[in-house]
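Participant: Quick one: structure below, then a few questions.
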Amino acid sequence: MASGYNAKEEDGHRAGAAGPGESASRSRKPDNTAFKQQRLPAWQPILTAGTVLPAFFIIGLIFIPIGIGLYVTSNNIREFEIDYTGTDPSSPCYNCSQTYSWNSTTLCTCTLTFSLNQPFEGNVFMYYGLSNFYQNHRRYVKSRDDSQLNGDLSSLKSPSKECEPYHTNEKPIAPCGAIANSMFNDTLELFYIDPNETRTPIPLMKKGIAWWTDKHVKFRNPGGSNANLTAVFQGTTKPVNWRKPVYELDSDPENNGFINEDLIVWMRTAALPTFRKLYRIIQKKNNMTPTLPRGNYTLEVTYNYPVHSFEGRKRMILSTISWMGGKNPFLGIAYMTVGSICFVLGVVLLFIHHKYGNRNNSSDIPS
Amino acid sequence: TFSEEPGLGRDPKAKKRRVVIPSWTYDEEAERLQKKYSGNKIRTTKYTLLSFIPKNLFEQLHRLANIYFLFLAALNFVPIVNAFQPEIAVIPIVLVMSVTAVKDLWEDQRKRKSDRQINNLLCDTYDRRQRGYVERRWADVCVGDVVRLCCNEIIPADMVLLHSSDPNGICYIETANLDGETNLKQRQVVQDLPQQGSEFTPENFSSRIECENPNNDLRRFRGYMEHPNKVRVGLHSENLLLRSCTVRNTETVTGIVVYAGHETKAMQNNSGPRYKRSKLERRLNVDVLWSVVLLLLMCLTAAVGHGVWLSRLKDPVFMIPDDTDPALAGFYMFWTMIIVLQVLIPVSLYVSIEIVKLGQIYFIQNDLDLYNARLDSGVQCRALNITEDLGQIQYLFSDKTGTLTENRMLFRRCTVAGTEYPHHENGQFYPTPMMTCSSLITNMSVCLFFCLSLLSHLNHFSSMECAVVPDVQLQRKLSALSTPLCPPLKHDTAELSHILDFFLALAVCNTVVVSSPSQPRHMVQMPVARTPLRSLEEMKALLQKLSLPRFSLSPSQNTDSPPGLTRRLFSRGRSATFAPYTPNTLSAPPHTPTSTTPSPIPTHTPSPSSTPMPIHRGAWGKDEELADEDSVEEEDDDEEEELLYEAESPDEAALVQAARAYGFTLLGRSPEQLLVVLPGTGPLSVPLLHLLPFDSTRKRMSVVVRHPLTGQVVVYTKGADNVIMELTTLGVLLLLTNSPLYQYISLQEIMERTQQHLDDYAREGLRTLCVAKRVLDEAEYEPWLKRHAFAETSIENREELLLDSAQRLENNLTLLGATGIVDRLQEEVPETIEALQRAGIKVWVLTGDKQETAINIACACKLLRPTDRLLTANCDSKEACEARLCELQRDISTITERGLSDSSMGVSEGDAVISGFTLVIDGRTLDFALHEDLQKNFLDLTSGCRSVICCRSTPLQKSQVVRLIGDSLGVMTLAIGDGANDVSMIQVADVGVGISGQEGMQAVMSSDFAISRFKHLRKLLLVHGHWCYTRLANMILYFFYKNVMYVNLLFWFQFFCGFSGSTMTNSWVLIFFNLLFTSVPPLLYGVMDKDVSASTLLSLPQLYKAGQNCEAYLPSTFWLTILDAFYQSLICFFIPYCAYAGSDVGLLSFGSPINGSALLIILLHQVIESRTLTWLHAVVLLASAGFYYAFVLVFSVTCVTCNSPTNLYGVETKLMSEPLYYCVCVLTTVLALLPRVLCRALLNSICPSDLVKAQKLDRSLLEQYWATIHQWKENKLDRQKLKSKHVPQTLSVNADVPHSVDCSQEPISVLS
């Protein structure tokens, strides 16, 4: 029997090698696993009035308080906005806006007065706002050289082609590109006018207005932090519209050159054609007195930036901020609205569930 | 034709042929030729390692979608319009094409694996150095090699047969792998080869072969062999062994390879995989076009907007000085926007669909319910891209034989000499052979291996379930023949001789090839002869004494059979095998032609114990049959060898099996000799004088044999009842038995009774055959023989002469009896058909069978219900056909109206209620009906019928019908069949299903899906079809939604950036958003989502209608989806817009919450749409979200200067540290999804669709579930007022069902 068995084995082997036996040597029977038989345990949600009802109530219950919170927060934010474009002849800046050119050497200043009805507590942020200014235009957005701004020496001398046509002006432009070229260059100064008519200048912080990452990582002066900027920027020229080269933007070496925070803020292009950009910070003095008390103020503008040609507007904005940013009642209202809608819908669904939900509708599947 | 000088390559004509020289001859020419011809290595893969990249690239660029991608990528290199950096724009096309390439590579790899497997098969090849046969891989076989093959081995290349161990120089091959035909084909050694009979020695063979160049004609082979002595022998297709066929019944064969590898006929016939476009995909393409329209509209808007915006601007500081005219700038902007919004066209959808379908196919093929243990085969998806069509079938066209039925003929009843033997014991089901098989071999893994390999490969089941349990009454009568002690007079010997003749006829009147599974045919083991229980002389005396006078034959004439005839016994080759008998035969007196004494020399016959028999025994699964027979023929058990009967028609095998059950065993066959065992005798040789094969005009076949006992020349004829009845003679009296009194009845009466029985059989759906005989005296035989010989040798009018000759022989027949053979219905066929009909699928049966049989089968499989009205259309002319069609149409409308009025009046008349109409139309009428003028009438009529049965239809008609219905009604058709005659129908239908069964692989080869049983269709359509359709439809809609939703965000932004084509997102994120972050969840959704459980889908087939009506993907659903996408994108854009408007938000900071909430919305939308959520879904969804956040966070931490201008550095980290971000995301997500959830909930609550109801059913408790199903069924029954006639649930054999008689009688009486 043993020998016979061996013979069989050999025979089987032969047949396997010669025939299609190899594939048949193991059964083609599929595995009986939950996965292969599509029997994986599953959660099978069926959206009916009954099942979604709790979700609607829960959303309503959560959203309404959030909405109220947001709304209250937004309402607590003080914000003041003043348009100084000067399109209206009665406006103090009308003259400046009319006689403008990028290259004029004489400075045009104008003074606006305004009054704050409520005191501004805490740090107050001073913004300049532009309207109808498409910083998000596709070709405008691209017109910059990040490596140049990051302090790369070779990019400094030969800026990226994306900067065309603000690429070279006989010498390479630093910083190159349309964004830098069109940098906002109005100077805004704020004075508090005492009830006794004395003008007190309000200290405006230049630093701390840019993102930390931008200031410390993304933007760097060529040649390191201690280099002589004038020397480093030798061989480059200022952007066409600028009055002074980049290394003379500020006297403070920590805020000069590419790491000038005004430049950094400007370089982070705005998403929408109406935008504001942080200009200065008015730091709170102490807890006792408001940063900006109620009263009259004057805003002195050195009017350099032309917006008249494209019907743009310029604004100065003073705002406190909260945990959710600037003043924006929209979110609060939206949350409250959605929450209420959900709640109402929950009630409707409850009604529908009561009417239809208990029907045993399994027996009426038509044939 | 082959007169030119052989083998001259320079000869221009020689290019059309090839010269083959044995490879061992040292010959330059041989060497040269060998290099010229392709080797036997095959490669079915499309690519090689080197050619993969260029070739795949080339192929992929043929697709329109990829061209579109390429166009976009190229567009991005045009500076004036570019939106992204060029390298980013290339990503989509690279990604899509590489995914496709990986998929192609994977498919190719599978082919490569199977190629390697085949190439590494081994065969014995002659090696000149070792002067003997060595094992060589198939791949190494060359043209000119001599290959030796054993029985059951597969032929490695096309070879000319040089030698066969069969002394007659023939060998048998099975061509199932090639054309699917399982019957054996005979091949002949090249004529006049010198070394026949002995062992073949290749050294002595030095002839050269010249033959035609490789072609794909399987039936033609032309060439000649030139021996060294310049003698030429013609070669024909009979000399050619084709690659991938199997050698059967021949111990060894030797051949010389003439075509190898891809030049073999088998490979030349191999066509690639099928490609069909599914209905859903056609629908999808329309919507892709709509997307294109949408895209163009959006781009146009942007272009116009940009132009207008630009023209209004005056000298802005933010504009790069440019002299472009606003109109031109608008034109450029158009192209830029096409790049920006490119994702709107879901190009990745195509590759996703392909991947999803692979996943769906994976699950279909892995379904245990579609696995047939006996055949070890599951469902086979051959077309990879029409899975969802399975869920939309509206018309099903089915073949009958082999599809609805087993195509496994079972001897069921017989009538002999006017007495009916009902064989009641035969009714029950047989245990599945695998069970017995496996029980035998559980402890033998080798056996299992062997068993499975053979079972799966050979399909030799024809004999497996054909075991017949003999009728008790008949058995008792027959036992008189074999039991010596039993006094013969107890039974009427005349009847006994009738029975004897009847079974002898069954055993010999056929073309069955006998083989033993373990051994080639010529080795069929001789039973160890033993003393018969009753001497042959005695038996013969009995026969002669009692029967011959009645046939008025002269005994003296027949007693001395010419010794010449017996001498011819097994004259060639067989002499060796039957050696023990031959001398006996020659020396014995002519009355006892075969040995009845124990064989003195049981020489070479291998005894079962010394061969690997047990394996084969198990392997062939025949033991249960043996067991059956053992119980019947205890006296035979010591000698009984398992025999395989292989017949061209399964009926023949069934009849031989039946005869065997009664002890009339056919042991062997040679061209001149049959070897049979009669009850109580040893093997007798029956000289076969002539065989008049079956043809369809005569509808009968005959054999002329010399009766083994009486020595008379007897004609046994077997054929269709009506034909045989006409040819029988009347008037001779016969003694009838079963009454206690001897009673003479006339043959007339026998015929009348037999006819009555035949009618009964037909009504039961049995296939009937009549058996008759005629005894020829020598005076009759000789002249006939002469004329027949003349007919056989004549060249002109040969067919007619032979027909005439046959007709002269086949008359004056004596009717012996008739048989009823059942072709059993496959299991669960009625249930399946009922389920499919309830699913709204119209089931048509197209069969070549005759009307009565077709109606019976239709009845048995519940296609035709007792309450159905049967409409028949049998017409002889077109006019009649037209009139008939109109008449039937009128009938239907009147009955329907009446039925309606009845039900409205609440009258239930019971019998008057008609549940449906069934049209039965025959092939002839069908021809008229398919005529252009009548097509409309025909379609109108059939649309009113629940089912249609076309009988006597040809393969062409089948395909015409399918095409007509599919084209003119615009419906989805499915054709299912198992045989070559169904191929055309399978190819024409939208979905072709092949049943891998008895008739080989031809239908399977041309099919899209191959299943092993008809019942599998139920789950394949109702469950997998439904799932695949819903899954894919939902996935496609989701894809559209996803793309439109995301792209619209960019579009809305254009209104705030002067239509400048700017984006608020990092371009990598933008590109990856669709390609990576949100691409896997829909794939999972498309592969795994399960709206309703399989059991519910099976129990409520009407759920299938959702797919038929395309409910998941209608134009309206598409537009609703688009609308929802628009709404969601509006919310997703404008909520962040309002939240950030006027603030100091940067471009990318603005995009970040939009992207974040878009991701959340898109993923949660998926959750809402999913009907099933498993841990896999959870993992994939979380991974997608995680991937996105990981990507943007890593990007915003590490990338300082890269990817200007959309540099994310510091953006995400800053934004995500602000609570505002989360406030915006939450609000956006909730508000965006709110309407969809609300609509879903309201719809599902107020007017739920059937599918939702079914889902609810799924959820309810199990008991409740079954209770509802039950209740629902009851309700339905009540509604239909279906009373009366309770039909049995399971029908094992149609013939056993009494109601089938009713149902066939009733409707026929109603109409026609």
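Using N, Cα and C of the backbone, Cβ positions are placed for all residues, glycine too.
Keep in mind that TrEMBL annotations are predicted by a computer and have not been checked by a curator.
These came from TrEMBL, pasted as-is:
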- B:ASP399: active site, 4-aspartylphosphate intermediate (ACT_SITE)
- B:ASP399, B:THR401, B:ASP978, B:ASP982: Mg(2+) binding site (BINDING)
- B:ASP399, B:LYS400, B:THR401, B:GLU652, B:PHE694, B:LYS718, B:ARG767, B:THR847, B:GLY848, B:ASP849, B:ARG952, B:LYS958, B:ASN981, B:ASP982: ATP binding site (BINDING)
- B:599-611: compositional bias 'Pro residues' (COMPBIAS)
- B:625-650: compositional bias 'Acidic residues' (COMPBIAS)
- B:31-88: domain 'P-type ATPase N-terminal' (DOMAIN)
Participant: Can you tell which of the recorded positions B:ASP399, B:THR401, B:ASP978, B:ASP982 lies nearest to B:PHE694 (ATP binding site) in space, using Cα positions?
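Facilitator: For B:PHE694 (ATP binding site), the closest Cα among B:ASP399, B:THR401, B:ASP978, B:ASP982 is found at B:THR401.
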Participant: So which of the binding-site residues is most packed in, judged by how many other Cβ atoms lie within 10 Å of its Cβ, out of B:THR401, B:ASN981?
Facilitator: B:THR401
Participant: Of the recorded positions B:ASP399, B:ARG767, B:GLY848, B:ARG952, which one has its Cα closest to the Cα of B:ASP982 (Mg(2+) binding site)?
Facilitator: B:ASP399
Participant: Using a 10 angstroms cut-off on Cβ to Cβ distances, just flag whichever of B:ASP399, B:ASP978, B:ASP982 is the loneliest among these recorded positions.
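Facilitator: Ranked by other Cβ atoms within 10 Å, the recorded positions B:ASP399, B:ASP978, B:ASP982 bottom out at B:ASP399.
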Participant: Could you say whether, by DSSP, B:ASP982 (Mg(2+) binding site) belongs to a helix, a strand or a coil region?
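Facilitator: DSSP call for B:ASP982 (Mg(2+) binding site): helix.
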Participant: Looking at the binding-site residues B:ARG767, B:GLY848, B:ARG952, B:ASN981, whose Cα is closest in space to that of B:THR401 (Mg(2+) binding site)?
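Facilitator: Nearest candidate: B:GLY848.
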Participant: How big is the Cα-to-Cα gap, in Å, between B:ARG952 (ATP binding site) and B:ASP978 (Mg(2+) binding site)?
Facilitator: 17
Participant: Sequence gap of 6 or more, Cβ distance under 8 Å: name the residues on the same chain that satisfy this around B:GLY848 (ATP binding site), in order along the sequence.
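Facilitator: In sequence order, the residues whose Cβ lies under 8 Å from that of B:GLY848 (ATP binding site) (at least 6 apart) are B:THR401, B:CYS951, B:ARG952, B:SER953, B:THR954, B:ASN981.
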Participant: Just give the helix, strand and coil counts over the domain 'P-type ATPase N-terminal' (B:31-88), going by DSSP.
Facilitator: 30 helix, 0 strand, 28 coil
Participant: Express the distance between the Cα positions of the residue listed as 'active site, 4-aspartylphosphate intermediate' and B:ASP978 (Mg(2+) binding site) as a whole number of Å.
Facilitator: 7
Participant: Going by a 10 angstroms cut-off between Cβ atoms, which of the binding-site residues B:ARG767, B:ARG952 has the sparsest surroundings?
Facilitator: B:ARG952
Participant: If one measures from the C-alpha of B:ARG767 (ATP binding site) to the C-alpha of B:ASP978 (Mg(2+) binding site), what distance in angstrom results, rounded to a whole number?
Facilitator: 19
Participant: If I take every residue in the domain 'P-type ATPase N-terminal' (B:31-88) and average their pLDDT values, what number comes out?
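Facilitator: The predicted confidence over the domain 'P-type ATPase N-terminal' (B:31-88), as a mean pLDDT, is 78.
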Participant: Based on DSSP, name the secondary structure state of B:PHE694 (ATP binding site): helix, strand or coil.
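Facilitator: Its secondary structure by DSSP: strand.
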Participant: Give the number of CB atoms, excluding that of B:PHE694 (ATP binding site) itself, located within 10 Å of its CB.
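Facilitator: Excluding its own Cβ, B:PHE694 (ATP binding site) sees 17 Cβ atoms within 10 Å.
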